[in-house]
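I have placed the structure first, in the form of structure tokens, so that the comments after it can refer back to it.
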């Protein structure tokens, strides 16, 4: 509502003309930031007023009070202590509020000196905090990026441009994305905030981003993305004369980069970050994993959105924050280039072959700091002495890490390792700068003082000496004056009216002969004096704290500017340390969990021997149980495995396991298997599980069909598709028909690798006429009414699903199970002979499913039946029933 008002209407609503000067100042700033919650600094508190106060009180759970009246209207107010601001910001950001921080730009004393005792302290917004522009450690996850993204859709709509930046680490990237892959790319990045043109507010894209991905969108007017404006912003930001300095980029990429930089400028005010030139990447360099597949495979989060139980949590044994973020990025973006994959695998293999080095490096890495985020805080004037000390300690540790390599290999390191550790040599100039200037006990807050070493600057030493030894200097001056006057009872005292003064008894007044003693006050029994020397000392003592803090801030800013000059090197060092952490992590888990180096080919191989699901395996190990490994042998000649078998037997685990092995392999890690030979996978798609999407008004079946449709539309020959129970949620005939046609399409049109699990046993006959499709099932052992799931994948087809056994295991009442057995028996009797012939009996009307009778299958069934018959033990009635049964088989 407020956003739709003009300035005059706003002033009228809030009785602006009769408001106090301070409240007018608040309203002026609020009117300029109507889309934000305004936190207004007043002394030791950040206050909120009017509607902001009511909203913040509810969200933060803090008391709502009043600050007098504005005209006839009472002013609602609430506040939070300035030192606890981050705690409250966390809640506001989690609730997706945009927060404007309004600070005091001068002290009350400075305001009085400027405009008298009625002067209002100057205030202004120093930054606007949004989910995508956070840099505070306490407000963002340490082990994952915090992206702000700008999405620009050109008029042809074939290719979109996406620029994303992590302000906390100064990473900035731009990429062109096919229009059909926009949601998948956003799912990969998981940006905290997306900038989008107002013209797209009602588009299907915006609807999908919000409803399917649940990402925050910040809309901007269309002119925000104007090409000429964005080009100028880029040139000014990077101090370039030609846009080609960025590289070969399209017009829409210019708009994406420029709009991101403009948004950072608007939110960060004067503290614009020092960002490197945007890195231009190729969308096809990374494996495509759509948002539903990421959810189904639980790659970086589990189904509830937490990291616990995800693939990331299983593989993450990194020991640094930046290493954790790099692993997160690796898992989100598996490679598709064989050379780059093998390069990573060679690094992993080197460390796997040098586990003693790995052990030493991991211990040393624990002593390093997150210098990426330290550097960002320094460049944005939000750092503390602790950040500089963190850089110093990390530089020191980096050189020790390099010595570990040198001690083991001398100058004979492989080139790919030498390249990683090159930045570890350190920077003596930078190290010495910090070592000589910053105290080891430097506080977090610059306003506390005590950051700069005393010996670095003589004035700092002098001021601290005054602060620490002020009383001693007063005592020395007192002793001096006693000697000069001969008055042993002379004292130097203090009160709030005249400050420091020399105090003597009235009877000694005749001894004060030197004119330097200036009379200040006479009481009944005492006379008080001062001197120029005492006044100077008093002034120095009173101002020492303020002066030293001001001087230290000035010196600190100069030191930070020198550190910023080393930003490129520090980013390389951070990259080196995070890379070491990730590859040592890969070597560690390969050794700890018996992983093997995969081999990559350029064909359709997917040959996994004794593969395991890493997450399930780890969960079973906690229960002292073993995981049952399985093979998977897909190839050009056997591209599709049709898997049938009982519920709870492990079909879904097997499907997920192989998709996960492909992902792990293509990030450069060893994999949970005895051996693995993989043709590079360009895209992974999964259709696993069932859930109604009530928010979008979609049934389970509709959601499934939409996902399946997207898979068939986007897959290529090099993709890996895993499908579980396609076609359920509708009638049996409809479901079988859909599953059948999907399988045919994958086999004949896409010709890609596919694992297809189903309870439609009718589909198994497709192996008779689809040469690249083979039947597999899950081995079980039956003992009377009991079954044992062996979890082994074996060649063949299941003829039943054992649903009643699973129902019994789930605890259904025995009477229900018994009744279900009776009904099942009746169904089986009335449908004997129809089961796998349902489709073929309809074949005259549906040519899609027309099958030639399979004599081999019939013969095998007859053989199986005859092998169980003992003619000598058949009664006449049993023999007659057998004849009818055999006739149905034929």
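Cβ from N, Cα, C; glycine included.
What you see is a predicted model, and the numbers here were worked out from it, not measured in a lab.
Quick look at what Swiss-Prot lists:
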- 645, 646, 647, 648, 649, 650, 651, 652: ATP binding site (BINDING)
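In the three-state DSSP assignment, the secondary structure recorded for residue 650 (ATP binding site) is coil.
Cβ neighbours of residue 650 (ATP binding site) (same chain, under 8 Å, six or more residues apart in sequence): 628, 778, 789, 791. There are 20 other Cβ atoms within 10 Å of the Cβ belonging to residue 646 (ATP binding site). With a cut-off of 8 Å between CB atoms and residues at least 6 apart in sequence, the same chain places 778, 780, 789, 791 near residue 649 (ATP binding site), listed in sequence order. Within 10 Å of the Cβ of residue 652 (ATP binding site) there are 20 other Cβ atoms, across all protein chains. The Cβ of residue 651 (ATP binding site) has 643, 645, 724, 757, 778 as same-chain neighbours under 8 Å, each 6 or more residues away in sequence.
Over all protein chains present, the Cβ of residue 645 (ATP binding site) has 28 other Cβ atoms lying within 10 Å. Within 10 Å of the C-beta of residue 647 (ATP binding site) there are 17 other C-beta atoms, taking all protein chains into account. In this structure, residue 645 (ATP binding site) belongs to neither helix nor strand by DSSP; it is coil.
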